[in-house]
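Read the structure below first, then the notes.
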Amino acid sequence: VTADEGILHASGNGVTPVAKDYCIIYNSNWISLPKSLDNATFRILENLTSTVLCNYSEVPSGLMKDKAVVVMRGNCTFLEKARIAQNSGAKMLLIASKPRLSPLPDNKTDFEDVTLPVALIRYNDIVDMQLTLGNEVNVTLYSPPLPEFDCSMVVIFLIAVFTVALGGYWSGVAELENLKAIASPGERETRRKKEENVTFTPVTVILFVVICCVMLVLLYFFYKWLVYVIISVFCLASAMSLYNCLAALIGEIPFGQCRITCCNKNIEVRLIFLAVFCIAAAVIWAVFRNEDRWAWILQDILGVAFCLNFIKTLKMPNFKSCVILLGLLLLYDVFFVFITPFITKNGASIMVEVAAGPFGNSEKLPVVIRVPRLEYSASTLCDMPFSLLGFGDIIVPGLLVAYCRRFDVQTSSSSVYYISCTIAYAIGMVLTFIVLALMKMGQPALLYLVPCTLITSSLVAWRRKEMKKFWKGSSYQVGWMP
């Protein structure tokens, strides 16, 4: 089978001409489409979705002459419909499908006489076309080439590097405060009460990866129900994360510190307003999450806050744990992207299917940074209007960057580990985008980010003759853990 994506350009005949593009699926082995509208021929659209066009008697004679015809899918093959349409004088055949658009069969040996363009289109798009453009519509088909590079990747790159760098720096600030608390016995107990960090050991790292694998498989098979669980968890976690990030920022401002007493506790009024603001942001996103024009901005803000809070809160005790975590998640990423297509019935990657919403599910998991694609193409219109980067591709290397920053603070090494690892992360992102542009298919970013960051950190430690200390972690961390 072949599934080539193209564009149906429709224009109305009203007083003020209106035009709109719709996604189509066609078979390039049957027909080649123009690459631009300049070479495309427009046809009047005849809406015959009341029939499936499997018999000549279904359509009044002469109604299809020199027109583009749209009929319903079903009851006979696409090419049987195409032969009837062509013999009735039609110049283009559109087949409306209520289910998800699927590839067109590749076998045309019995229909060599069929020459008119045949394309599959969503039935909902035909309905929208009539509502938007009216009953008199002119249509044409074309298929612009995929752009080599989309500028939205630059925005994704800046967001990812900024989040990793800031998360690592914030973790280092918290580490410095811990060291000061250790030096002052009077502040030690107070600091420990405020500390909300969770430390990963090698055992918990392995358990975490196993949970990730199980969760991904469950999402693949029970996506329809679990997606709403993930959306709910994201709303709660992102609201808390946004609060923690903004509270840390507000805490540095020496104004508006008036307090009220509630339940024997003194609470800053500005923090109450901040909590309401963060909850409102998460609720607004949840309500309008499918509004593509602006909801992606709110999702990215909440996502960045979630990643920052995760990187700052989750502490890797040593480089050994970092290697285990990043290595296992690299294997996890590669397996579910490249290996699972050989296992699944439809030959699709489990990771890609879950990210896109398996089996045509319209709800998407809110576990990615989304930026609208800036270069127009059929792929942009059909299924990927956004460039995506998973939270894991920020958080997982970010935990290593955070460990490097804390190690710099503990050893007073002038941020050499932190800066080197952050630069390595940026280089890994650039490599990911280069391979993505060359191969024109989704890539497991950890395949490039993990080697870049781990090798760079190892080389810095080896060059500074601190590998043993870097591998096992500092004595401060060992003594500080209860």
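Just so you know, glycine gets a Cβ as well, placed from its N, Cα and C.
Per TrEMBL, domain 'PA' is recorded for 54-125. Per TrEMBL, transmembrane segment is recorded for 153-176, 197-222, 228-250, 271-288, 294-311, 323-343, 384-404, 416-439, 445-462.
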Practice task
Sort out for me which stretch, of 197-222, 271-288, 294-311, 384-404, has the most Cβ pairs below 8 angstroms to the transmembrane segment (153-176).
Solution key: 384-404
Handout entry: Arithmetic mean of per-residue pLDDT over the domain 'PA' (54-125)
Key = 82
Practice task
Determine which residues of the chain contact the transmembrane segment (271-288) at the Cβ level, with the cut-off under 8 Å and only residues 6 or more beyond its ends counted.
Solution key: 231, 235-236, 238-240, 242-243, 246-247, 250, 260, 294-295, 298-299, 301-302, 366
Problem - Distal contacts, the transmembrane segment (384-404) - CB-CB under 8 A, six or more residues away - result: 150, 152-153, 155-156, 159-160, 163-165, 167-168, 171-172, 200, 292, 296, 303, 306-307, 310-312, 314-316, 318-319, 322, 325-326, 329, 333, 355, 367-373, 417-418, 420-422, 425, 428, 445-446, 449-450, 453-454, 457
Exercise for the section: Using a Cβ-Cβ cut-off of under 8 Å, list the residues of the same chain that are 6+ residues beyond the ends of the transmembrane segment (445-462) and lie near it. Expected result: 319, 322-323, 326-327, 329-330, 333-334, 389-390, 392-393, 396-397, 400-401, 404, 416-417, 420-421, 423-425, 427-429, 431-432, 435, 470-471
Fill in the blank from the handout: DSSP tally for the domain 'PA' (54-125), helix/strand/coil in that order, comes to 19 helix, 17 strand, 36 coil
